[in-house]
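**Q** After the structure tokens below, expect a handful of questions from me.
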Amino acid sequence: MFHPTIWCDSDDYRADVEVVDPKKCLEESCKPKCVKPLLEYQACVKRVQGDESGHKHCTGQYFDYWQCVDKCVGPKLFAELKW
């Protein structure tokens, strides 16, 4: 039987506690490691805010940020999910 061991707010398993998605918890713990891509994304957003043409976007920077987060989360999450 699988028992999740990643908890955001609790160290023990209780039936009356709603299970928290471990990926979300790990994402929060990994975000501080991805400050550089986040700052690049935020800078891009500021640059394109005034664009009324709709041609400018920050999709690349957005995906770079989440790729960094996912790269950090992946090994931790799958190590936890192995039986």
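In case you wondered, yes, glycine gets a Cβ from its N, Cα and C as well.
According to TrEMBL, the domain 'Ubiquinol-cytochrome C reductase hinge' annotation covers 21-82. Summarising the annotation, TrEMBL assigns disulfide bond to Cys30-Cys72, Cys44-Cys58.
Help me understand the surroundings of these features in the structure.
**A** Regional average pLDDT for the domain 'Ubiquinol-cytochrome C reductase hinge' (21-82) in the model is 93.
Cβ contacts within 10 Å of Cys72 (disulfide bond), excluding its own Cβ and spanning all protein chains shown: 18. DSSP classifies Cys72 (disulfide bond) as helix under the three-state reduction.
Sequence-distant contacts (6 or more apart, same chain, Cβ under 8 Å) of Cys58 (disulfide bond) comprise Tyr41, Cys44, Val45, Val48. In the three-state DSSP scheme, Cys58 (disulfide bond) falls into the coil class.
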